[in-house]
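**Student:** For reference, the structure I am asking about is given below.
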Amino acid sequence: MSENFTTTSNLNVSCDICSLGNDTAIDKPIPSIITALERFNYGYLPFVFILGCLGNALTIFVMRSKKFSSNTCSLAILALALSDTTLLFCQPFNKAFFIKLVGIDVRSLSSVGCKIYYVIRRTPKMCSSWFIVYLCFEKFMSIWFPLKVKSLITKRFVNAYIIIVVVVLLAFTSGWSYASDVDPVSGKCQPDLYDRKDPQSVSTWRRMLGSGVTLYAIVPMIILLIFTPMILFKLARQGQKFESSAYLKKSSRITAMLLLIVISYIILILPISLVHILATYLGIKSFGDSKLDFTIFKEIAQILEQLNYSINFILYFLSSSHFREGLREICCPSKTNMNLGPKGTVDKSKRRFQLSSKSSNQE
């Protein structure tokens with residue numbers, strides 16, 4: 001597994017944080033595992049795209065319903081769904097098989113278009129991480145400071161947080177796009193088109209890449225790993241004081257939702273973060289003539305990363321009964337309101353029947 005490997009496989013496309021493969025001439029036969037991954041991606045990528053877009057759309061509808069209108073975390077979940085959807089729509093343009101399908105790489109039509117593409121692609125990726133951090137932070141505040149959370153965590157606070165995150169990360173990715181340009185030799189849009197022979201250019205790129213990985217994964221993971229154990233610890237202590245089944249049921253739902261979101265984020269994002277770190281600071285070539293074992297690890301990491309932006313709806317559905325109720329009201333409004341009259345009151349005929357049944361039973 002130590003031989004260098006180059007191929008024209010559809011898997012080798014440029015990544016948004018560092019260039020993770022470009023189409024080059026075939027020097028060696030394509031290994032069977034690379035062929036298998038390529039075939040897998042033909043079905044997997046459309047699947048996660050449809051799953052993610054549909055799930056995020058349903059999440060947006062649920063969060064905009066009256067049931068969640070007063071919930072501050074719904075704003076962060078809305079922002080998370082929108083950022084994930086934006087990223088999912090950017091994904092196909094980065095895939096070689098899609099470029100072959102449409103017959104043109106729209107990213108390479110102009111230098112400005114190439115830069116805009118990577119700004120749009122990188123910004124929602126980083127924003128998603130920080131929206132998850134906010135959800136964890138709000139849960140931390142509600143568990144540790146229940147009397148102060150309503151006065152501290154308001155809709156104005158959440159909106160300000162979202163705006164600051166988007167503006168700061170958009171400014172960072174815009175500055176980072178200095179190296180994104182159309183390669184005059186290959187005619188392809190590359191995220192890392194800088195002078196590799198110039199030590200200053202190499203140093204600048206490494207600093208930008210290191211900052212990007214830090215903002216994208218390292219700092220959010222550290223925050224999540226600090227807050228999550230503290231939340232679980234507090235819930236466990238409160239569970240010992242209040243042994244009521246209602247409290248235990250509520251705390252178990254909170255624990256399940258938090259663990260699902262945090263653990264899935266870490267598992268799905270950590271591998272691609274390691275790819276960026278290894279490629280940058282250990283001198284491993286992550287494009288062109290990458291070693292076969294590193295190429296395989298890179299492709300598996302990208303598969304996991306893509307899944308991260310498609311499964312939040314499933315996590316909400318599995319862990320939150322309130323979310324399931326909101327979804328049921330949207331998908332089956334007739335069943336939800338079947339026994340309700342105007343303004344949510346019980347239908348008069350239904351009420352008469354209940355009263356008559358009750359009086360007959362008393363007799």
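One-based numbering along the chain as shown.
The backbone N, Cα and C atoms fix where each Cβ goes, and this holds for glycine too.
Nobody curates TrEMBL annotations by hand; they come from automatic prediction.
According to TrEMBL, the record shows the following:
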- 44-63: transmembrane segment (TRANSMEM)
- 55-316: domain 'G-protein coupled receptors family 1 profile' (DOMAIN)
- 159-178: transmembrane segment (TRANSMEM)
- 213-233: transmembrane segment (TRANSMEM)
- 254-280: transmembrane segment (TRANSMEM)
- 341-363: region 'Disordered' (REGION)
- 354-363: compositional bias 'Polar residues' (COMPBIAS)
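Each of these features: where is it, how hidden is it, and who are its neighbours?
**Tutor:** Within the chain carrying the transmembrane segment (44-63), a Cβ under 8 angstroms from the stretch's Cβ atoms is held by residues 74-75, 77-78, 81-82, 84-85, 88-89, 91-92, 95, 303, 306-307, 309-314, 316, 323, 326-327, 330, all 6 or more beyond its ends.
When Cβ-Cβ distances below 8 Å are used as the criterion, the transmembrane segment (213-233) is approached by residues 17, 125-126, 129-130, 132-133, 136-137, 139-140, 143-144, 169, 172, 254-255, 258-259, 262, 265-266, 269-270, 272-273, 276-277, 280 of the same chain, each at least six residues removed from its ends.
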